[in-house]
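Novice: Have a look at this one.
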């Protein structure tokens, strides 16, 4: 019987469940995502403000250039009224003509007149810009931060919208100005009031289908399960009076670890746009990760409209600019996300690769790998890595992918035991280079073991009468050079017969061979399972000549048996 779980003793009485949304006819659970939403990167503002050391201007510029190169068309570049650094950065982008014609910069401002004037001033001379106005509307902040009722907070938003319009008309002649409003802490705001304040702001800006307003509904703090956020988004989408004049935008944070799910369900619920940061940077636990969202679409055969084909290059730039590492397990971009250590996983991946190679299909179907690592610029070298948890599949995959040695199944099992002993003794991971060292030390496929009881020095094969082969082999046997001869059904049988006459009983149980590459100078690999006395084991030989490779495999097996006796 399983022991019942025990109460934690943690102070759960301090907290209460988040209320559900009354939406019995919700439609989002039956929706599917068929195209990418509009993306807006907020790395340069929301992400930057959350850094221990905010970006220098040069780092901000490098990240801006990356975002443009990746294909982002809406980029929040700063809070110009918050710092001279942000103001100067916006001015540099405009004055140095660094904003591509198809990119719209976004700037953030609170609903205070002096901040709005400063923000609008930063945009003078720009071709197009999106001014993002926000004020907090949640019940908690109305009560403990502002001490205002609904009407008082609505007045802040409406007056802010008016100041935005007035200063834009005064200072931004010739600029294509678009508007965005965020009821900050939307998820902590009553839905009817969130709708009320958004409608009041729209009354000021008078959006049309040709000139829509962006209504951004942030989970400033993630407070519920993602399905509740989706219900909130669907409710808002249904009840907005000018829905055709609205770009409904999401801004999920990751406090509960569900930002990606919240964004995806929010899009299913009717949202048109998503704001986030590369690799989930941002306040506290971060904003939603734009890389994960984009790659999730890609993995479903949907164009993310963002270029992530060099995900390591993107990661390096983000790590440099943010001065924060990306976790090795971060979806799609972490160092270890395409890596398998588990033996059963490695075996399945190996067989998946082999099946795709055999059938020539283009549809990606490899167990444990949701996408082809090569599609994001990764190689297959790190897909399978060997440690104490690995089995024959991983070992065999690396031997084939790195060294072109296609080990027979029973040899895979035998060699994985050799590797397992090494990892048990030494611990840690075994690299491909170390794996080759273990293999050559154990099997000596090309000879060269000074302590070997049997060493191949040279050989000559001739076809005798009755289709039998005769071999003359120069060997060093127990330290003495000698020539042995034998005949049999092929060179291997003849060599085994010669050894038996010298008191080395060898019986061949299985034999495999293949070329290592192509062309006239290609080498051959031979694998021999033999019984030497009562010991059954494998030998491996490698040589440009297939006969010599086979004889080396016999020698390899005999020497291994001698070491084990």
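Cβ atoms here come from the backbone N, Cα and C positions, even for glycine.
Grabbed the feature section from Swiss-Prot, which reads as follows:
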type	residues	note
DOMAIN	37-312	domain 'Pyruvate carboxyltransferase'
BINDING	46, 251, 253, 287	Mg(2+) binding site
REGION	446-565	region 'Regulatory domain'
Novice: Take the Cβ of residue 251 (Mg(2+) binding site) and count every other Cβ within 10 Å, whichever protein chain it belongs to.
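Specialist: I get 26 for this one.
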Novice: Take the mean position of the Cβ atoms of 46, 251, 253, 287, the recorded Mg(2+) site. Which other residues of that chain put their Cβ within 8 Å of it?
Specialist: 42, 218, 219, 220, 252, 259, 275, 276, 277, 282, 283, 286, 288
Novice: Tally the residues of the region 'Regulatory domain' (446-565) by DSSP class, grouping H, G and I as helix, E and B as strand, and everything else as coil.
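Specialist: Each residue of the region 'Regulatory domain' (446-565) counted once, the result is 33 helix, 58 strand, 29 coil.
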Novice: Please report the three-state DSSP label of residue 251 (Mg(2+) binding site).
Specialist: strand
Novice: Among the binding-site residues listed here, 253, 287, whose Cβ has the fewest other Cβ atoms inside 10 Å?
Specialist: 253
Novice: Check each residue in the chain of residue 46 (Mg(2+) binding site) that is at least six apart in sequence and keep those whose C-beta is under 8 Å from its C-beta; list them in sequence order.
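Specialist: In sequence order, 76, 275, 277, 282, 283, 287 meet the Cβ cut-off.
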Novice: Taking every residue in the domain 'Pyruvate carboxyltransferase' (37-312), what is their average pLDDT?
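Specialist: On average, pLDDT over the domain 'Pyruvate carboxyltransferase' (37-312) sits at 98.
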